[in-house]
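Engineer: Take a look at this one; I'll ask things after.
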Amino acid sequence: MDRPPMVCLVVLDGWAIGPDYPGNAIRAAHTPVMDRLQATYPMTTLRCWGRDVGLPDDQMGNSEVGHLNLGAGRIVYQLITRIDLAIEDGSFFQNEAFQRALDRARQPGRTLHLMGLIGDGGVHSHQRHLLALLELAARAGISRVAVHAFTDGRDTAPTSGIEHLRELLAALDRLRTGFVATVSGRYYAMDRDKRWERTKLAYDAIVCGLGQTARSPLEAIERSYAQGITDEFIVPTVIVDAEGKPLATINDGDAVIFFNFRADRARQLTQALTDAGGFTAFPRCRWPRDLLMVTMAEYEPHFPVLVAFAPDIVRVPLARVLSDVGLRQFHTAETEKYAHVTYFFNGGREEPFPGEDRLLVPSPKVPTYDLKPEMSAPEVTDAAVQAIVSQRYAFVLVNYANPDMVGHTGVFAAAVAAVECVDRCLGRIEQAVRSVNGYLVVTADHGNADEMLVPGTNEVWTAHTKNPVPFILVAPNHSPFRSVALRTGGRLADVAPTILEIMGLPQPEEMTGRSLIVAPSVGR
């Protein structure tokens, strides 16, 4: 094949097009390069939050999700969104793994156990998924459904657990199925740091009914609050009947559904429940045999469980498309964003594709980045320019971390300085690309420095934003792409298909994004 034109993709991390108000560090900054590019070349904006990047509605984007979508050329639905969509379209209620658990729970003497973090934090789980499981059990006529409720207080307010529990109890009453069998703070039930003594307390309560007791789940939480113990740290508590007997424990042959969708804090308890042989982390009070265990997501490939929602594997990211046709590529960023231009951009793949070179530029060792707002952008630029002018690569990927990382500090003047530094660096990249008659594509993954004050107040805002990001196509003067029209309504998943069109490469079926180019020049 003929060598395609070189394309350099620059990701301005945390640079969105925000409101014109005193908290917008990007508007406050002197950015002659970006101003000229936006005024001179084809430009549009891209949505980078919510369903457009595979997140729940209205949830702000982040660097991991942004780079996944940029590299995949399709919307990569995060697990929480995949589960939400399955509930919406009804496929959740036909899920094969869940049906297997229901079949087991229908057998005489069996119990269906639903285990996980309650609340609306959305980081490890979401209560609406538990409520959907309860509805599923009710539809199936399962007589015994035991809920083992883990309280949050970390991704939710410290004492919001009681309200989430009340919502759960109301659902149990409405559906006329199920009961709460144990209450445990996530500090114990969801440890991830090999503090197995914490996991043991949760295990003992869930499997053997050992530990402190309460007559109701509300009593367990209210008593903890009275002792100054917030949701995260509620000691595993067994709910007992009038005779002091546990309402339910996990027994031989039962069915268990662990409804957390994030793996890291679900692994230890799952291992304790399923490891038949060499488990030595703590002495188990009892090990229930012949469990049928379902996990909402894949926690570990080797766990002997059924997985309700298998990983969404990005099999053909942009980096692979380029590699498969023998093109070389170069990815660079400083430490803070290196994983994003490698692992995440490549669809969750650690190893480089054949022909892919990478360069990590160390981030400065400072307590906070407002103390050095330029971070390592000049050094990243040096590396990128060298790669571009070498003409060894058909594709160069560059990330500038400054608008995001300095924006997170909340120091407005430093964020302005960070934006101005990145603008100068972008000018150097543009010159290098021009020198080899290449194409420069400028975009971002999400916003940050565009809103640093809560509107109408002087309160500092340090989180990401839900503003669209720029997409600018800088083409050589002789190129048919020099004056194309770019469509509106695009999203990050449309960037890779656009790059493939510029390079004259076919778009694989797996990439469901659409090129942003809608009106190529006459004579192309």
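Including glycine, each Cβ sits where the backbone N, Cα and C put it.
Quick caveat, the model's predicted, so the values are computed rather than measured.
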Engineer: In Swiss-Prot, the residues ARG154, ASP155, ARG186, ARG192, ARG262, ALA263, ASP264, ARG265, LYS337 are said to bind substrate. Which of HIS113, HIS124, HIS126, HIS302 is said to bind at that same site?
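Structural biologist: Within the candidate list, Swiss-Prot flags HIS124.
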Engineer: For the Mn(2+) 2 site that Swiss-Prot gives with SER63, ASP445, HIS446, which of ASP13, ASP20, ASP120, ASP494 also belongs there?
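Structural biologist: It is ASP13, as the record lists it for that site.
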Engineer: Tell me the Cα distance separating ASP13 (Mn(2+) 2 binding site) from HIS408 (Mn(2+) 1 binding site), rounded to the nearest angstrom.
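Structural biologist: About 12 Å separate the Cα atoms of these two residues.
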Engineer: What is the nearest of the binding-site residues HIS124, ALA263, ARG265, ASP404 to ASP13 (Mn(2+) 2 binding site), using the Cα of each?
Structural biologist: ASP404
Engineer: Name the residues of the same chain, 6+ apart in sequence, whose Cβ is under 8 Å from the Cβ of ASP155 (substrate binding site)?
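Structural biologist: Looking at Cβ-Cβ distances below 8 Å from ASP155 (substrate binding site), excluding near sequence neighbours, one finds GLY119, GLY121, GLY122, VAL123, HIS124.
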Engineer: Cβ atoms within 10 Å, counted per site: which of ASP13, SER63, HIS408, ASP445, HIS464 has the most, among these recorded positions?
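Structural biologist: When each Cβ's neighbours within 10 Å are tallied, ASP445 leads.
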Engineer: With Cβ-Cβ distance below 8 Å and at least 6 positions apart along the chain, what are the contacts of ARG265 (substrate binding site)? List them in sequence order.
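Structural biologist: In sequence order, the residues whose Cβ lies under 8 Å from that of ARG265 (substrate binding site) (at least 6 apart) are HIS124, ARG186, MET190, ASP191, ARG192.
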